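S.K.: What Swiss-Prot shows for this protein is this:
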type	residues	note
BINDING	9-12, 33-34, Arg38, 71-76, 93-94, Asn120, 162-163, Tyr283	NADP(+) binding site
Amino acid sequence: MIRWGLIGASTIAREWVIGAIRAAGGEVVSVMSSSAERGEAYAAENGIAKAVTSVDDLVGDPDVDAVYISTTNELHHGQALAAIRAGKHVLCEKPLAMNLNDGCEMVLKACEAGVVLGTNHHLRNAATHRAMREAIAAGRIGRPIAARVFHAVYLPPHLQGWRLDKPEAGGGVILDITVHDADTLRFVLNDDPIEAVAISHSAGMGKEGLEDGVMGVLRFRSGVIAQFHDAFTTKFAETGLEVHGTAGSLIGRNVMTQRPVGTVVLRNEEGESELPLDHRNLYETAIAAFHSAIGGNGRPSASGEDGVWSLATGLAVVKAAATGGAVEIETGL
């Protein structure tokens, strides 16, 4: 059994990850919050035996094998390195870090320590995206030439905090949502982005110069161009992912979501057909793969390197939106 410590008494851990760890046969043994009162209440609410107030206390606990980091973005790098130094496996929320040097250091140190580092890019675990990846690899749409991502959502009131008003914490829609688009596109297309252009704005939610909406285009190594629209402000939009090829199109609807839902339609000269899907909890799939990787079987659903790629893409989109120019995507890996 893999025993987990939570770095951050977060909403995502409470709503998704704690249950996924338990469903995958693991146990959550400790939670760290800088507030002792919050940590103790969170532990009691979620059936966790220990609550601590420092990262060192959590990663120094011999009962902890792996940590899940879901604090604000500027804390990820230091907390991950502390866990890696202590010999703990690390599953970290995106973005891995605030800059590429820190992200690459996390990957390097995990490799040197012989521990597993994963990025919690949940969307590549969706049955919809896996079916699209398989269909493309099988040649069912011919050569991919373009893609479109619709990932404009409404940020619920209980999450309308640092994402909207703390630039120093890595707030804004690009580092929160666009990084997911980048990872999903890399996974589905089995291709890497090399260039970004974008325009961002604030429609009233984003403060302190932070964007709450962005549209842009990524150019991939193969020549595919991918359009994306991300926002915190759209209450009634539908999410989706489309990939268009020389011999067909894949139309994914309601697929950019944490829930195991959505449909994928293959459209070609023969007509339309809905791809069969085996919907499963995305986070349970991710944790099961992470447990297997700890045991020496396979790799995490999204590795540390995958997290660096999505970070590099997000940072390029931020720069492109700020400068109005095309920005090359380089990872430093």
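Numbers here mean position along the shown chain, with the first residue as 1.
Heads up, the Cβ atoms here are built off N, Cα and C, so glycines get one too.
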S.K.: Which entry in the list of binding-site residues, Arg38, His76, has its Cβ near the fewest other Cβ atoms, using 10 Å as the limit?
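M.R.: Selected from the binding-site residues Arg38, His76 on minimum Cβ neighbours within 10 Å: Arg38.
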S.K.: Counting Cβ neighbours within 10 Å across all chains shown, tell me which of the binding-site residues Asn73, Asn120 comes out on top.
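M.R.: Highest number of other Cβ atoms within 10 Å: Asn120.
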S.K.: Including all protein chains displayed, how many Cβ atoms other than that of Tyr283 (NADP(+) binding site) lie within 10 Å of its Cβ?
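M.R.: Other Cβ atoms within 10 Å of Tyr283 (NADP(+) binding site): 24.
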S.K.: Near Ala9 (NADP(+) binding site), which residues of its own chain have a C-beta under 8 A away, given they sit six or more steps off in sequence?
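M.R.: In sequence order, Val31, Met32, Ser33, Ser35, Arg38, Gly39, Tyr42 meet the Cβ cut-off.
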S.K.: When you measure from the Cβ of Ile12 (NADP(+) binding site), which residues in the chain that are at least 6 apart have a Cβ under 8 Å away?
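M.R.: Residues satisfying the criterion: Ser70, Glu93.
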S.K.: Please report the three-state DSSP label of Asn120 (NADP(+) binding site).
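M.R.: The three-state answer is coil.
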S.K.: Give the helix, strand or coil assignment DSSP yields for Asn73 (NADP(+) binding site).
M.R.: helix
S.K.: Which of the three DSSP states, helix, strand or coil, fits Arg38 (NADP(+) binding site)?
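M.R.: In three-state terms, Arg38 (NADP(+) binding site) counts as helix.
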S.K.: For Ala9 (NADP(+) binding site), what is the secondary structure state per DSSP, taken as helix, strand or coil?
M.R.: coil
